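Okay, structure first, notes after.
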Amino acid sequence: MRRSPDVSPRRLSDISPQLRQLKYLVVDEAIKEDLKWSRSVEDLTSGPVGLTSIEERILRITGYYGYQPWAASYKREERPREPPGLAEAQAPGGAEASGRTSRRRCTCSRAQLHKTFWGVAVVLCVCASWAGSTQLAKLTFAKFDAPFTLTWFATNWNFLFFPLYYAGHVCKSTEKQSVKQRYRECCRFFGDNGLTLKVFFTKAAPFGVLWTLTNYLYLHAIKKINTTDVSVLFCCNKAFVFLLSWIVLRDRFMGVRIVAAILAIAGIVMMTYADGFHSHSVIGIALVVGSASMSALYKVLFKLLLGSAKFGEAALFLSILGVFNIIFITCIPVLLYFTKVEYWSSFDDIPWGNLCGFSVLLLTFNIVLNFGIAVTYPTLMSLGIVLSVPVNAVVDHYTSQIVFNGVRVIAIIIIGLGFLLLLLPEEWDVWLIKLLTHLKVRKKEETVEGGADLGSGPQNRSRRARPSFAR
């Protein structure tokens, strides 16, 4: 018959004195290995405290003699105390560990804050240089209608990439090398033999052609349509890079990027419909799409044939493109001039300020885009390109007769959304699942804690209300 809960429960040691002898039980090592995760073995070999925990478990499970959770089998004063010396020795160690953890967190947060600050600066620089070069090209064509000559002139400035890189190397690096040593080291990017004539024509010349086509088609499109449409349509090159990488490089298939590619194509169609399929509009849109395609082909072929490049190797490669442009492309502007396709009456009529300004802005854009990864995240750099769209839209609103009808606005939003979806990392779904799981577990823990707090109130009140029989 069960006793009243008010009566203090009996200890199992009083009922069975032989239970005390369990602490002297010798457990075979093989059995210990098999049962190393069992709490029973630990409790049996841990002395009186372990024995007491066994009694508490049995009493808790069976409810023997009205066992109550708050009626501990032994008082807090009966617990073995740690030696004062050990406690004093552990306190400085814990403080030191917590100090190291706080310093590490502080350093990590400072590094992230520093990288984020540089990221904002890079985004603003990319946005300003890209939007500025686009608007300046539009102004240049009002006085100097020669898009290919402007492309050739701006591409020649690529020759400055490696000299600027070497200047930065001399200022920052502790182990300074001569120009010849640095050049030879960067030439290893092309193979064991370095930059040979064969390598120049097989691995550099095709990219020089693609670079020229990309810039020429982009500039020629600015003559046909407004800069807002040109800048937003060029953002589709991100979708073309994904499609070509999936087909040629066998990159990982991602459903969200397929959706982004579909959005880009839908935006192109809607942008064409916005102006009513006029000849200038259709030709201008086709030129921009061709420019985005050439840019995507350039990036995919670079990764296929050359792989990834370090900063010095990328600077040398871009300088080689400038050399290729000077040697082999110079004849084309001359031919266009004498055939009067791109003709100007005298060299005094050329707006050299606009040409040089456009070249400097384009050079700045390429420098930041290629070397900005050293100070910030690649995703932030890509945001600068899409942010140039609203900048161009504001400028066009006050300087041209562009009409932002509903179709054009929806097309801009769709292409921008597709561009942002393409910036998601490959493991974005795993990160999202982890985040949702963490939030779900945290919410469940808060719910359990709230329920425990509510449940502890009446229990504490009943404990306080219970009469005491101790005199």
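Every residue, even glycine, has its Cβ placed from backbone N, Cα and C.
The shown structure was predicted, so the numbers you read here are calculated from the model rather than taken from an experiment.
According to TrEMBL, the protein has these features:
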REGION    78-100  region 'Disordered'
TRANSMEM  113-132  transmembrane segment
DOMAIN    118-272  domain 'EamA'
TRANSMEM  152-174  transmembrane segment
TRANSMEM  195-218  transmembrane segment
TRANSMEM  230-249  transmembrane segment
TRANSMEM  256-274  transmembrane segment
TRANSMEM  280-302  transmembrane segment
TRANSMEM  314-338  transmembrane segment
TRANSMEM  375-395  transmembrane segment
TRANSMEM  401-424  transmembrane segment
REGION    448-471  region 'Disordered'
COMPBIAS  461-471  compositional bias 'Basic residues'
> Which residues of the same chain, at least 6 past either end of the transmembrane segment (230-249), have a Cβ under 8 Å from a Cβ in it?
Replying inline: 130-131, 134, 218, 221-222, 257, 260-261, 263-265, 267-268, 271, 284-285, 288-289, 291-293, 295-297, 299-300, 303-304, 382, 385-386, 388-389, 392, 411-412, 415-416, 418-419, 422-423
> Any residues 6+ beyond the ends of the transmembrane segment (375-395) with a Cβ under 8 Å from its own?
Replying inline: 115-116, 118-120, 122-128, 130-131, 134-135, 227-228, 230-232, 234-235, 238, 368-369, 402, 404, 412, 416, 419-420, 423, 425
> By Cβ distance under 8 Å, which residues at least 6 away from the ends of the transmembrane segment (152-174) in the same chain are close to it?
Replying inline: 182-183, 186, 211-212, 215, 311-312, 314-316, 318-319, 321-323, 325-326, 329-330, 332-333, 355, 358-360, 362-363, 366-367, 371
> Which whole number is the mean pLDDT over the domain 'EamA' (118-272)?
Replying inline: 90
>> Do any residues, 6 or more residues outside the transmembrane segment (280-302), come within under 8 Å Cβ-to-Cβ of it, and if so which ones?
In response: 206-207, 210-211, 213-215, 217-218, 220-221, 223-225, 229-230, 233-237, 240-241, 243-245, 248-249, 268, 271-272, 274
